[in-house]
Every structure is written in structure tokens, then in C-alpha cells.
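J.: The feature active site, proton donor is assigned by TrEMBL to Cys166. Here TrEMBL flags Asp286, Lys296, Pro313, Asp314, Ile315, Leu316, Phe333, Lys347, Lys351 as CTP binding site. Residues annotated as domain 'Flavoprotein' in TrEMBL: 15-184. The feature domain 'DNA/pantothenate metabolism flavoprotein C-terminal' is assigned by TrEMBL to 194-404. Look at TrEMBL and you will find 1-198 tagged as region 'Phosphopantothenoylcysteine decarboxylase'. If you look up TrEMBL, you'll see 199-413 marked as region 'Phosphopantothenate--cysteine ligase'.
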Amino acid sequence: MAQEPSKIEALAGRRVLLVVTGGIAAYKALELIRLLRKAGAGVRCVLTRAGSEFVTPLSLQALSGDKVYSDLFSLTDESEMGHIELSRAADLVVVAPASADFLAKMAHGRADDLASTVLLATDKETLVAPSMNVRMWQHPATQANLATLRQRGVRFVGPDDGDMACGEYGPGRMAEPAAIQTAIAGYFAQPRPLAGRSALVTSGPTHEPIDPVRYIANRSSGKQGHAIASALARLGAATTLVTGPTALADPAGVTVRRVESARDMLAACRDALPVDVAVCAAAVADWRMAEAAAHKMKRGDQAELSLRLQQNPDILAALSAAGNQRPALVVGFAAETERVVELARAKRARKGCDWIVANDVSAETGTFGGDDNTVHLIAGDDTETWPRMRKQDVADKLAERIAERLGAAAEPS
Ligand code: C5P
């Protein structure tokens, strides 16, 4: 396969930690090492016990020019390079081939050998090239593991459709070494215009206690806020995500602070300052109990009950008015069901933020809790209407706009 020279060049000087697990495709890892080294990358290998049934440590060592690590409890290995350091010294962790069993281990956070321990301990991104029988690939258990890992930000290349060593045909064959090399190069070639910048993102709902067992909440899924944190981190920003309770996994490469109430969220946001950009995507509860009950409230005999509520702090407005701690760019969201742009413009002025991302959340749009979003970006007097797109894509586009804006602000006038 012909390679784009500009992308392949991105491999020069990079360090790849290659985890080789048990599968017939393990022999292709040898060719992958050769390609990576030819392009100037350093490769260090971790071999699982099952992997060593298919390739020998000696061949991996000969091609990588480095010691091969396989034993979690080896005194010599640990004294030379402990499993934590091994997991952090690389720029990217690549698992090729990744067996169904190893994907399951990754998804469940198991750490019973060196390879899985390294995966759990790493602070680097992970690229996985699955390799397995078509039925194992299609099994709901594998697909569920895959979905979990994707949600955590793990990247995948392949598998391809094709004839398998077991005589069956279908998806499951490991991507070719050249395709894996391209995916690795693509990762390193990604622009990082926000490197050296810091970002704060709020996400999810807040829970406001009524009594020790009940709370006021809303239906926010946190999908949009989490996707924004992930997108900003991918562009290189040191990103803190302050999130209310959600069912979502922590995005890769992001510092996550979990909170419950609006007041906790505000405190966590203040702790994260100073930052260059703050994006408030959380659906903060407007109200909390004026006084939450210390004990579970009893039903009693009365037919009605009134709760006395008190307004919560407005986090977006507070960050916009944070004096010398104010982020250079403060972005809010406005969920409206009518006159979307007009109301969002008024909100921008009221809150004192720089940009508002206005979205139509009327019931027929399915935005709340769904995967798609239709938004307008209101930046000063300019309004851009973006086509309906996935929340992930809204996040990427917004992160790009933020990078452009911060980049322009940094240029000497
Ligand atoms: O006023 P409204 O809730 O519609 O404003 C939405 C915007 O304000 C969102 O960016 C949301 O994250 C933010 N907000 C906040 N704190 C609140 C209420 C809203 O940060 N208490």
C-alpha cells in the first residue's frame, strides 16, 4: 500500500509500546515492527503468554532491537523497567493482534499479567488491532466490550473482512501491518493546536438532595460535554472535566472531577482555574432545596407537600465574571425549544460569556439523551448554523473553533 509521505514522517522519533497477544495474526506483528522502525519509530514489545505460542520473544527482540517484556513478576524486568514506567515511557500503546480475550480483559480492567497491567496503568492513548474468528468478533459479548472501549476513547484499526485461518469468512482478520502503520502515523500526524493550553468543561446533570435518599435532577446524559472534553484533549489541551452523575466512562487523557450538586460543581470549577477556555455544557439544576431534610422525609397523612426551593449559583455567569481568573474564552450552551437564536443571544449577554452554542431541544429533535445535535454557534454578533450532526462531530468542530480563536488571540498584533 502506498503511504502518504507526510503522515509516515510523523512516526520519526516516536516511541510505540507494542503489545502482542495470542492469535494466528501475531506473525504480522513482526512486519509491523519492521515498518515502524523503518519509518524512524522506536518499538518496545510486551508479549503475552498466549502470544508467545505464536511468535518467539527472540524474533520480536531481533526486529525491535530492544528487550521483550512478558513477565509481571520478573525481578530483573521490574528492576530494569517497572510495569508503570513501561506503560508511560511510550508515546502510544498499540495492541496488535488483540485477541477476544484480551479485549475482554481491557474492557473489564483486569490486570493479571504484564500486558493487561500495562494497559490499565498507562496514561497514553491506545490503538487496538483486533484479530479473531468471525463469530467471536460478532458475539454480543465482544461487541459490548468494544463499545465500552470505544466510549473510553480507545482507537481501533480493522478488523478486515476476509478468509480466516480457521476456514471461515468474514470480519475478524487483523488489519494489514501497513494499515496499522498508517493508523499509528495518523495518530501522530494529528494537529495539536491546543498544546500548552488548558480547558475546563462542565457536563451532565446535577443532583440536588431533597433528603438523604431523594434528589432533584434532569435528563441530561452528559454526552455532549464529555465529547467536548475529549475533543479538546485530543487537540492537545490539558483538560479538566467537571461532571455531574452520568453513566458515561471517563474520556481518555482528561482529568475528571465527579460532583453531585451545583454548588460542588462551582467549587470544582473554581479549583480548576486558571484555564484558557471554559465550556459550560452541564445542565445545572436551577433550584435546590432551601434546606435539605437531614432524614428521609415521611409520607405522613397530608395530601400535599410543598418544597421550598432556592436558586443555585450560575456557574457560567460566575466563570464569566471571575475577574483576573476569567478564562480568555467562556462558552455556554443554550437549550431552547423556540426562537432559538434570539433567546440564545439574549442569554449570552445576560451571562457575560463570549460564545453560546444554541441547540434546539424541542421534543421532535430527540437531542436530549440522543446522539445528534443541531446547533448554532453565536460568537459576538456572528451566528453560524451548523448542519445536524453527531454530538461527537459538534464537539470536534467546536474544539477546532476554540483552537482557531485561542491561536488568533496568541498571535502578536
Ligand atoms: O440559563 P440556562 O440554564 O438556560 O443557561 C444554560 C447555560 O448556562 C449552560 O451553558 C449551562 O451549563 C450554564 N449554567 C450554569 N449554571 C447554572 C445554570 C446554567 O453554568 N446554574
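Backbone N, Cα and C define each Cβ position, glycine as well.
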J.: What whole-number Å value do you get for the CA-CA distance of Phe333 (CTP binding site) and Cys166 (active site, proton donor)?
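T.: Cα-Cα distance, Phe333 (CTP binding site) to Cys166 (active site, proton donor): 52 Å.
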J.: Going along the chain, which residues six or more apart from Pro313 (CTP binding site) have their CB under 8 A from its CB?
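T.: For Pro313 (CTP binding site), the qualifying residues are Ala262, Arg263, Leu266.
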J.: For the domain 'Flavoprotein' (15-184), what's the model's average pLDDT?
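T.: Averaged over the domain 'Flavoprotein' (15-184), the predicted model reaches a pLDDT of 91.
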J.: Distance check, please: Cα of Asp286 (CTP binding site) against Cα of Cys166 (active site, proton donor), rounded to an integer number of angstrom.
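T.: Distance (Cα to Cα, whole Å): 59 Å.
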J.: How big is the gap, in Å, between the Cα of Lys351 (CTP binding site) and that of Cys166 (active site, proton donor), rounded to a whole number?
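T.: So the Cα of Cys166 (active site, proton donor) lies 62 Å away from that of Lys351 (CTP binding site).
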J.: Max Cα distance spanning Asp286, Lys296, Pro313, Asp314, Ile315, Leu316, Phe333, Lys347, Lys351 (CTP binders), Å?
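T.: Maximum Cα-Cα distance: 37 Å.
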J.: Cα of the residue listed as 'active site, proton donor' to Cα of Ile315 (CTP binding site): how many Å, rounded?
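T.: With the alpha carbons as reference points, the distance is 58 Å.
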J.: Write out the long-range same-chain contacts of Ile315 (CTP binding site), meaning residues 6 or more apart in sequence whose Cβ is under 8 Å from its Cβ.
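T.: Ile315 (CTP binding site) has long-range Cβ partners Thr202, Ala262, Met265, Leu266, Cys269, Cys280, Ala282, Val284.
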J.: Enter the number of other CB atoms within 10 angstroms of the CB of Asp286 (CTP binding site).
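T.: I get 14 for this one.
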J.: Could you tell me which three-state DSSP class Asp286 (CTP binding site) falls into?
T.: coil
J.: Helix, strand or coil for Phe333 (CTP binding site)? Use DSSP.
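T.: DSSP assigns Phe333 (CTP binding site) to strand.
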